[in-house]
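Worksheet: one structure, shown below.
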Amino acid sequence: MQSTIKPVEYDRPIAAGTVCGVGQAWAKVPDAPSAEERATLKARIKALLAREKAVLVAHYYVDAELQELADETGGCVADSLEMARFGRDHDAQTLVVAGVRFMGETAKILSPGKRVLMPDLDATCSLDLGCPADEFSAFCDAHPDRTVVVYANTSAAVKARADWMVTSSIGLEIVADLHARGEKIIWAPDRHLGSYIQKKTGADMLLWQGSCLVHDEFKGIELDLLRAEYPGAKVLVHPESPENVVAQADVVGSTTQLIDAAVKLDATHFIVATDLGILHKMQLAAPGKTFIAAPTAGNSATCKSCAHCPWMAMNGLANLADVLERGHNEIFVDPAIGVRARLPIDRMLDFAAAHKKRVQASGDLQRDQQLFANVGAA
């Protein structure tokens, strides 16, 4: 395995007025509304969704009240690709994406004829920030013998430079297939997920050195101590986490796979190493079980995310109502980039169909664990 030497800065705006760093993101997180304000806003949003003939698609990591609203209005709460596919297949001509910018872009790529709105266009992603399209394209040009595989958490421009786009649910299978055909790979942007897949497949992978702000903060030593407090708990880990966290997992998988594991595993307590937003859906899916957040770098004093994405937290009821009322914050993707970016997405979907694999969890926990479980030492 090789890697780039690429420092990643999250605390500065990359382009003033278009994206924001961690500090700017936390400053833009809306205040929690009162119970009365919440009820008023939810009623207003429901009326506006009906008026605009719009559908709300939300990610598992946004706040619970937005997930509830999506469920209550016939929308969707899912991972980023399923959000985009739901929007593509829905009759609504206006999609309101509660998530981060690359999710809105992916929705627009799969639904170029639809209007895609977001509560805050500044809501970005550390993986996206850490992989600027111009730098990544130059890096790919320097290694023309390699197949370019990018994670879903990238901009439309980065996807347009790729041969394949993958999600955490199917990335291992696609890389294994490419490796079996003798292909060498550039992987971007998440170094932890890339390293995990490289170790599982043995593929020759040149890794871009990006990381998810949330998952990168989970700590192996603190997780080991927490496991000692809850000896019967199963540990659920997203593969964007560091290696010493993944090594302690009972199940390693995508957001959907982790929810599925929480339902199907015979345990009452789970330690969860992914964004805290997922706990809402886990508690709904498995109401008799207890979910414990995995430890990050500290107790609010030293962690940048404290297990919740600041850019996801920028989505709120008030700015959701505002975007529906005013029709602003629309996502646009250059048509030429959109056409090119769709090719690696369609290639992944075609691979999944040809191998009779779902991009999300299969529903067969044993099968999913064979791909994304890591019991004991890595």
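The backbone N, Cα and C atoms fix where each Cβ goes, glycine too.
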> Which candidate from CYS20, CYS309 does Swiss-Prot annotate alongside CYS125, CYS212 at the [4Fe-4S] cluster binding site?
Replying inline: CYS309
> Swiss-Prot records HIS59, SER80, TYR151, ALA152, ASN153, SER168, HIS238, PRO239, GLU240 as iminosuccinate-binding residues. Which of THR40, THR124, THR255 is assigned to the same site?
Replying inline: THR255
> Around the [4Fe-4S] cluster site recorded as CYS125, CYS212, CYS309, what other same-chain residues have a C-beta within 8 angstroms of the site's C-beta center?
Replying inline: TYR61, VAL100, SER126, LEU127, ASN153, LEU213, VAL214, HIS215, ASP275, SER305, TRP311, MET312
>> Rounded to a whole angstrom, what is the C-alpha distance between CYS212 ([4Fe-4S] cluster binding site) and HIS238 (iminosuccinate binding site)?
In response: 11
> Taking just the CA atoms, what is the gap between CYS125 ([4Fe-4S] cluster binding site) and GLU240 (iminosuccinate binding site) in Å?
Replying inline: 13
>> Using a 10 Å radius around its CB, how many other CB atoms surround HIS238 (iminosuccinate binding site)?
In response: 28
